[in-house]
């Protein structure tokens with residue numbers, strides 16, 4: 001018994017010393033050394049709850065989240081959820097097991113402030129922005145410590161995410177934008193609302209605050225400041241891209257990439273935006289940039305919509321680089337993830353069109369429209385575009401008319417009428433007008449409980465229909481539309497004039513009756529300041545051009561008419577070899593080929609002169625060029641291509657071997673010039 005008591009006392013003394021070491025290391029931040037002491041304590045008592053908790057904390061501080069979670073799961077009997085709930089949830093959060101972290105937090109019996117803070121972070125990662133906003137508001141309201149500024153920053157980040165991804169108009173939280181993080185989040189919220197100029201000013205303010213804040217620390221270098229500003233500059237470049245300033249945006253994007261920031265999410269977004277600027281151009285650069293979007297951990301840094309946009313652009317890039325199988329694979333994967341989304345099926349259809357399989361592309365779009373009626377309108381518009389590209393305008397019109405929610409829209413009516421007119425199908429074009437007018441008439445009647453006032457769009461359609469019918473000679477059909485317009489506005493003189501014009505060809509008596517409604521010339525006279533009109537720029541120009549006419553000139557103009565100045569004709573120049581005794585060729589104005597005496601060019605003229613031998617060698621036989629033989633031989637008739645060719649080409653410069661007369665003198669002259677111009681060549 002004495003020995004046992006002595007051993008227990010020694011162990012307790014050793015444990016006390018180890019605990020002192022753990023406490024000292026913890027205060028100094030040396031958690032690696034503290035972990036060694038905790039392990040020694042656990043060797044003495046493996047189920048010591050405090051020691052296990054300290055071990056988990058040391059592992060978390062050293063970044064060993066997986067090992068810490070393993071310790072918690074191994075000692076579940078000792079480390080219950082009430083004791084270790086925050087540490088377990090935090091490890092799961094850092095290991096990107098967000099759903100598990102949420103369950104751990106919700107299963108905790110007591111919701112401490114630490115758990116509430118972590119709960120807000122988890123909700124943000126799960127993109128449950130409404131719940132996250134409520135959680136941070138509760139924290140700010142019920143907490144008073146040194147972390148209030150960080151909570152406000154997180155709150156503004158939630159509002160910015162709502163504005164950007166859910167298109168929710170953010171409410172004014174009344175946050176004082178004293179830090180660059182708050183300014184940045186405020187700018188993101190403004191971008192979501194489309195207020196790009198205001199957002200740019202906020203980002204410029206955020207950049208200024210960031211520089212001021214970091215320059216106060218002497219240990220921070222300029223490179224560190226630029227690295228911190230990278231995300232602000234990236235958002236500036238995004239605004240430039242949205243504003244159409246693609247060159248400026250591209251330059252700023254490339255500057256950020258050269259800095260090699262450690263944030264893989266930022267690099268992925270910038271690379272994706274550069275790819276969207278390149279489109280189907282500069283594909284080699286896009287293939288390099290797309291590698292940045294595949295970095296490890298990117299999926300945990302970006303929102304679902306950002307990741308989806310990157311995958312869409314990968315599929316489009318595969319299509320532009322003629323990687324058909326890769327494009328189909330990516331678009332099929334996207335369609336399985338979001339079956340109701342339009343882009344995957346549109347990319348597949350575009351790839352089929354590149355492969356000249358237009359019918360298959362239309363069939364694919366038709367199947368999608370049948371399965372997803374909510375998105376049928378946009379799909380059918382694409383189908384119509386494909387039909388137009390194939391030259392099937394009538395089929396395209398049929399597809400467009402099947403879109404019930406758009407068939408009465410003025411833009412759709414205009415497109416259909418234009419297409420039918422191109423096909424010279426006037427009856428179908430008029431039918432489109434009639435159906436649209438009837439739809440608006442029924443809609444107005446249902447809205448006004450039987451009353452029949454015409455909306456501006458309705459009246460505009462009636463007028464366009466009347467003008468179209470008048471243009472294509474459908475006077476009788478146009479009359480009813482014009483009468484309806486005049487009935488709505490009896491003071492419309494233009495409509496009345498059109499109506500009288502139409503009736504004049506159909507019912508002249510009716511036209512006379514209607515003409516009585518035209519206003520008199522007195523009432524139609526315009527109040528015009530004649531002096532101001534005469535002194536205007538146009539009137540002055542006309543007056544100067546016409547010139548001032550005196551009374552005598554006016555009488556002369558009335559009696560004799562205007563005397564025109566006669567232009568003095570220049571005497572034509574005659575050719576140098578002009579002979580007045582010789583009658584000029586009457587066909588001299590015609591091209592040579594069209595003249596009656598043209599016999600065509602003699603073929604083979606030059607071919608007989610120059611052969612395949614050494615340069616300058618003549619094809620004519622040497623005997624023919626020998627003067628002695630020519631003198632002794634009897635004269636013969638010239639063969640075509642030999643003697644006649646020589647005489648015909650007597651003015652042409654002969655080859656080098658045939659030296660013309662005067663060649664030695666020329667050569668001597670050239671030598672003299674060369675000698676004179678040479679300076680110190682020897």
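A Cβ is built for glycine as well, from the same backbone N, Cα and C atoms used for every other residue.
Unlike curated entries, TrEMBL annotations are predicted automatically.
What TrEMBL records for this protein:
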- 98-153: coiled coil (COILED)
- 230-263: repeat 'TPR' (REPEAT)
- 543-682: region 'Disordered' (REGION)
- 544-600: domain 'Signal recognition particle SRP72 subunit RNA-binding' (DOMAIN)
- 564-574: compositional bias 'Basic residues' (COMPBIAS)
- 576-597: compositional bias 'Basic and acidic residues' (COMPBIAS)
- 631-645: compositional bias 'Low complexity' (COMPBIAS)
- 666-682: compositional bias 'Basic residues' (COMPBIAS)
Distal contacts, the repeat 'TPR' (230-263) - CB-CB under 8 A, six or more residues away: 180, 184, 187-188, 191, 196, 199-200, 203-204, 206-207, 210, 223, 269-271, 273-274, 276-277, 292, 301
For the repeat 'TPR' (230-263), residues assigned helix / strand / coil by DSSP: 26 helix, 0 strand, 8 coil
Within the compositional bias 'Basic and acidic residues' (576-597), residues counted as helix, strand or coil by DSSP: 3 helix, 0 strand, 19 coil
Confidence summary (mean pLDDT) of the coiled coil (98-153): 90
